[in-house]
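J.: Sequence annotations record features per position, and here TrEMBL assigns domain 'Glycerol-3-phosphate dehydrogenase NAD-dependent N-terminal' to 6-150. Among the features that TrEMBL reports, NAD(+) binding site is placed at Gly8, Ala9, Gly10, Gly11, Trp12, Gly13, Ala131, Arg246, Lys265. Marked as NADPH binding site by TrEMBL: Trp12, Arg31, Arg32, Tyr48, Lys101, Ala131, Arg246, Val266, Glu268. If you look up TrEMBL, you'll see Lys101, Gly127, Lys182, Asp235, Ser245, Arg246, Asn247 marked as sn-glycerol 3-phosphate binding site. As annotated by TrEMBL, substrate binding site applies to Lys101, Arg246, Asn247. The domain 'Glycerol-3-phosphate dehydrogenase NAD-dependent C-terminal' annotation in TrEMBL covers 171-306. Annotation source TrEMBL lists active site, proton acceptor at Lys182.
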Amino acid sequence: MTPLPVLGAGGWGTALAVNAARNGPVMLWARRAQFAQTLQSERVNAEYLPGVSLPPGLGVTAHLGEAIQDAPFALVVVPSVGVPELLAALPRTLGLVLCAKGLAPDGGQLTVLARQLGFTRVAVLSGPNHAEEVGRGLPAATVVASRDAGFARTVQAALMTPALRVYTSEDETGVELGGVVKNVMAVAAGLVDGLSLGDNAKAALITRGLREMSRYLQACGAHEDTVYGLSGLGDLVATATSRHSRNRAAGEALARGEHPGQGGKVVEGLRTAGLLSAWAAAHGQDLPIVQAVAQVTRGDWSPQQGVAQLMEREAKPERH
Ligand SMILES: NC(=O)c1ccc[n+]([C@@H]2O[C@H](COP(=O)([O-])OP(=O)(O)OC[C@H]3O[C@@H](n4cnc5c(N)ncnc54)[C@H](O)[C@@H]3O)[C@@H](O)[C@H]2O)c1
Ligand SMILES: O=P(O)(O)OC[C@H](O)CO
């Protein structure tokens, strides 16, 4: 049986690889040769997913060609900034399951970038999935979305295990962008927590954040109900309330006056806030929470100014 390639040995790549190894052999690709060797010999990813043993069917390599050899498709699990470079190195015949929750350098979708580069079998995987929990085999659910329904079902079969329930969708845009925007909402949730603004404020943020996600997704062509599924509301709740979330923790750090996100584990929401804020300005769209997070992240507003700006907006009906 050809091993399933999992490209990217951070927390999420490792957790997905451990889950998929319940179904068959897996080859995990790490960019750094020394790191790949350490994973192969220590059988644990102490840097990104400590406490989770790598099962015997999981191999590790730093050679991309070896990782994808004879495989019909691969999971792409590097941070969004690294996706363009990795895709450029892959054969266009390879099916792609894009797992990053971030945007391309131009602020567009990674699925769109993949197709522009000539890949034809493209899917996106997204849902309320903290690597720390999936890696330990705690029950979770996720969505694989592709315009190619047959490809989505193939990926579903490869990843569905007793611990991970995988649903399919044909709404690539809705599933991809839900996971992208919720990271910004999670940074905002961390600001709420860090400033001790209380439960009412957190509930208001999540609810208005969902409304903002819905407006953005629909402006980008998503189906209107996708935002209420696992990749939208599900992931928003998981990330905005989780002790595992790096995006939420980054918001707490901002509230303390620190500058999070330099080095270490990837915090997609900080970069995404700037890209989405630029998109909103260019398209005349109103994404107030995204814009407030972008201003605070850039240091243009203090966290308290961000809160005041949101609270003092014009009066309006709830449905807007
Ligand atoms: N951690 C989670 O729980 C989780 C869950 C779902 C989705 N995601 C998404 O998955 C993506 C990866 O996140 P993660 O948590 O695995 O990150 P991480 O911070 O745990 O690890 C990032 C990994 O990518 C490698 N890397 C960094 N830049 C690279 C590049 N240019 N090319 C190749 N490799 C590179 C790093 O060396 C490291 O191994 C992100 O977009 C994240 O939003 C994460
Ligand atoms: O730790 P975070 O904030 O990157 O969130 C991880 C996942 O996206 C949760 O589904």
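Glycine is treated like the rest: Cβ placed from N, Cα and C.
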J.: For the binding-site residues Asp235, Glu268, which Cβ has the most other Cβ atoms within 10 Å, all shown protein chains included?
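T.: Of Asp235, Glu268, the one with the most crowded Cβ is Asp235.
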J.: How many other Cβ atoms are found within 10 Å of the Cβ atom of Lys265 (NAD(+) binding site), counting all protein chains shown?
T.: 13
J.: I'm trying to understand the geometry here, so how far is the Cα atom of Asp235 (sn-glycerol 3-phosphate binding site) from the Cα atom of Arg246 (NADPH binding site), in Å to the nearest whole number?
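T.: Computed Cα spacing between Asp235 (sn-glycerol 3-phosphate binding site) and Arg246 (NADPH binding site) is 13 Å.
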J.: Cβ within 8 Å of the substrate site's Cβ centroid: which residues qualify beyond Lys101, Arg246, Asn247?
T.: Asn183, Ala186, Thr239, Ser245, Arg248, Ala250, Val266, Val267, Glu268, Gly269
J.: So of Lys101, Lys182, which of the binding-site residues has the fewest other Cβ atoms within 10 Å around its own Cβ?
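T.: Least crowded of the binding-site residues Lys101, Lys182, by Cβ count within 10 Å, is Lys101.
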J.: Let me spell it out: for each of the binding-site residues (Arg32, Arg246), count the other Cβ atoms within 10 Å of that residue's Cβ, using every protein chain shown. Which one has the most?
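T.: In terms of Cβ crowding, the pick is Arg246.
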J.: Cα distance, Lys265 (NAD(+) binding site) to Ser245 (sn-glycerol 3-phosphate binding site), nearest Å?
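T.: Ser245 (sn-glycerol 3-phosphate binding site) to Lys265 (NAD(+) binding site), Cα-Cα distance: 11 Å.
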J.: Got a sec? Which of these binding-site residues, Ser245, Asn247, has the most Cβ atoms within 10 Å?
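T.: Of the binding-site residues Ser245, Asn247, the most buried by Cβ count within 10 Å is Asn247.
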J.: Determine the binding-site residues, out of Gly8, Lys182, Asp235, Arg246, Asn247, Glu268, lying near ligand 1 in the sense that the CB is under 6 Å from one of its atoms, and give them in sequence order.
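T.: Among Gly8, Lys182, Asp235, Arg246, Asn247, Glu268, near ligand 1: Gly8, Glu268.
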J.: Given Lys265 (NAD(+) binding site) and Asn247 (sn-glycerol 3-phosphate binding site), what distance in Å do their CA atoms have, once rounded to a whole number?
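T.: Lys265 (NAD(+) binding site) to Asn247 (sn-glycerol 3-phosphate binding site), Cα-Cα distance: 10 Å.
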J.: Of all the binding-site residues given, namely Arg32, Gly127, Lys182, Asn247, which is spatially nearest to Trp12 (NAD(+) binding site) at the Cα level?
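T.: Going through Arg32, Gly127, Lys182, Asn247 one by one, the Cα closest to that of Trp12 (NAD(+) binding site) is Gly127.
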J.: Would you mind giving the whole-number mean pLDDT across the domain 'Glycerol-3-phosphate dehydrogenase NAD-dependent N-terminal' (6-150)?
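T.: A mean pLDDT of 98 is what the model gives the domain 'Glycerol-3-phosphate dehydrogenase NAD-dependent N-terminal' (6-150).
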J.: So among Lys182, Arg246, Asn247, all listed as binding-site residues, which is physically nearest to Ala131 (NAD(+) binding site)? Use the C-alpha atoms.
T.: Arg246
J.: Hey, of the binding-site residues listed (Gly10, Gly127), which one tops the CB count within 10 A?
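T.: Max Cβ neighbours within 10 Å, all protein chains included: Gly127.
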